[in-house]
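Student: First the structure, which I've put down as structure tokens, then a few questions once you've had a look.
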Amino acid sequence: MPSATPAQQDAVRKDWDTYFMDIAYMVSTRSRCSRRHVGALLVQGKKLLGTAYNGAPMGVADCSEAGCMIVEEWEQRSGEAGPEMIKKQRCIRTIHAEQNLLLFTDRIDREGSTVYVTDQPCWTCANMLANSGISEIVFHRAYPKDADKVGRLMEQKGIVFRRLEEGYEPPPQAGLAVTD
Ligand SMILES: [Zn+2]
Ligand SMILES: [Zn+2]
């Protein structure tokens, strides 16, 4: 078989966004919460400095052992006839991936770095990331609930906040365990 030309190799070679988001999705498979698998990475330049996923604190029973810890909350959504309230269930047993990433990385490594995360951060995570030294957040799946206020916060802080463009496909091994 003739070997691939450099141009052919470039065509199949993953760009950096795809490369790192694929890794974030593979990291998310470590999560034991059946409702949501989230993975997050800290990247400086092109160097991977940390990985994290959502989970219970170390040594504490996780969702697969103790079940999810469900709370119900009312959430405002824009419906056809104006805003409407919807009751939503959330699992609060886990520390979110972004928060675990902050717990397991050093401030000095975070200064000017990029966070890749499979899901758009919630308000609490976004608020913490905004104060963590990072300068860019790249996510894939949307999280509409907090999107407006998180977007405004990132703009105020001057943190680049972007969603991977249409056409990105997570690696098939990562599955799609998300319940909203
Ligand atoms: Zn759970
Ligand atoms: Zn969060």
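Cβ atoms are placed via backbone N, Cα and C, with glycine included.
According to TrEMBL, the record shows the following:
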type	residues	note
DOMAIN	15-161	domain 'CMP/dCMP-type deaminase'
BINDING	His96, Cys122, Cys125	Zn(2+) binding site
ACT_SITE	Glu98	active site, proton donor
Student: Far apart in sequence but close in space: which same-chain residues, 6 or more away, have a Cβ under 8 Å from Cys122 (Zn(2+) binding site)?
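Tutor: For Cys122 (Zn(2+) binding site), the qualifying residues are His96, Tyr143, Lys145, Asp146, Val150.
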Student: Ten-angstrom check, please: count other Cβ atoms within 10 Å of the Cβ of His96 (Zn(2+) binding site), all chains counted.
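Tutor: There are 23 of them.
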Student: With a radius of 8 angstroms around the mean position of the C-beta atoms of His96, Cys122, Cys125, what other residues of the same chain does the Zn(2+) site pick up?
Tutor: Ala97, Glu98, Gln99, Pro121, Trp123, Thr124, Ala126, Met128
Student: Below 8 Å Cβ to Cβ and six or more residues apart, same chain only. Which residues does that give for the residue listed as 'active site, proton donor'?
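Tutor: Expected: Val38, Ala40, Ala52, Val115, Val117, Pro121, Cys125, Met128, Leu129.
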Student: With DSSP helix as H/G/I and strand as E/B, how many residues of the domain 'CMP/dCMP-type deaminase' (15-161) fall in helix, strand and coil?
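Tutor: Helix, strand and coil residues of the domain 'CMP/dCMP-type deaminase' (15-161) number 50 helix, 50 strand, 47 coil.
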Student: Considering every residue in the domain 'CMP/dCMP-type deaminase' (15-161), what is the mean pLDDT value?
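Tutor: The predicted confidence over the domain 'CMP/dCMP-type deaminase' (15-161), as a mean pLDDT, is 95.
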